[in-house]
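For reference, Swiss-Prot has these:
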- 22-41: compositional bias 'Low complexity' (COMPBIAS)
- 84-93: compositional bias 'Basic residues' (COMPBIAS)
- 143-158: compositional bias 'Polar residues' (COMPBIAS)
- 318-327: compositional bias 'Acidic residues' (COMPBIAS)
- 173-234: domain 'SH3' (DOMAIN)
- 252-316: domain 'SAM' (DOMAIN)
- THR61: phosphothreonine (MOD_RES)
- THR103: phosphothreonine (MOD_RES)
- THR112: phosphothreonine (MOD_RES)
- THR318: phosphothreonine (MOD_RES)
Amino acid sequence: MLRRKPSNASEKEPTQKKKLSLQRSSSFKDFAKSKPSSPVVSEKEFNLDDNIPEDESSVPTPEDAEKSGKKLGKKWRAVISRTMNRKTGKKMVKALSEEMGDTLEEGSASPTSPDCSLDSPGPEKMALAFSEQEERELPALSRQASTGSELCSPSPGSGNLGEESTAPQYTGPFCGRARVHTDFTPSPYDRDSLKLQKGDVIQIVEKPPVGTWLGLLNGRMGSFKFIYVDVLPEEAVGPARPSRRQSKGKRPKPKTLHELLERIGLEEHTSTLLLNGYQTLEDFKELRETHLNELNIMDPQHRAKLLTAAELLLDYDTGSEEAEEGTESGQEPAVSTVADPKVDIPRDSGCFEGSESGRDEAELAGTEEQLHGLSLSGAP
């Protein structure tokens, strides 16, 4: 029977075992090597506000961290950046303090300021002042950024005041007036619109068909919408009536014969006329040349005055009667048209007759003045 030969695994040389172990270790990344221990987390909670030593030996630098291969946390990175900022800040402060010290030494060497060294601040005070200045500059910049828009945005009042001061005030012409019935406050960015208050009266300059009119309010020219205003009717200025004004300035019609004779300066003939039947003005209107012959009034000036006064009285009375008839005839067609609208009756306003009566009054007053002038010229 065949027998199996015993294996010679145990008889292998130690050198071969060492080779195998080296191969395994190299292929499996050296598991036998001890693993790096994880950093121990302290039970006390880390706080950035705590005082951290600023010595180079106590604080790990970025180079040491890269050599060790340890991963730093966010807290450590913050600590490192803080320390680096402090170091750079100190260097800048030292450089500034040295420059300031040099300038102060130059100032102390001058004879004009012998006591400058006593009042000059030291480098430590300068460093504190510099740090405080940096802290103040940050909020100042933020304030400037926040208020930048306010400064840049133009206020509505400033632009309007500038325009009002430079632009001359509009004086006319105007095409009407309008009263505001609804308050309206325009946008602060709209410089052309007018601020309207109820009861304001606007002088209208232009009425375009678009609906936004142009007007003058409180000395300021601007636009406004017609829906906020009511157009005021234009004041109808009637034509002047010179006849009434002239009649007011002149004397009224005499009421008695004696008053008429006093005006023309012939009071001496009053008794003669009264005794011969001329008691009133109605009787005096019928005076003729034949009557003067019967009354034995032969003075040509007196005869002319008396005849002219009688004619003017007659014309004045006939004119007034015709004016009254004209007014009555103007009223009668209106009544008839109401009763029977089909009847066609010519209308008469009586304006023409009224003008003749006023003209007669003026002529009567003019003749009286002429008679008075003749009497004065004929007097010795």
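Each residue's number is its place along the chain shown, starting with 1.
Quick reminder: no glycine exception, Cβ is built from N, Cα and C everywhere.
Neighbour count (other Cβ atoms within 10 Å of the Cβ, all protein chains): 11 for THR103 (phosphothreonine). With a cut-off of 8 Å between CB atoms and residues at least 6 apart in sequence, the same chain places nothing near THR318 (phosphothreonine).
Note on the domain 'SH3' (173-234): mean pLDDT across this stretch is 88. With DSSP classes pooled into helix, strand and coil, the tally for the domain 'SH3' (173-234) is 3 helix, 30 strand, 29 coil. Reduced to three states, the DSSP call for THR103 (phosphothreonine) is helix.
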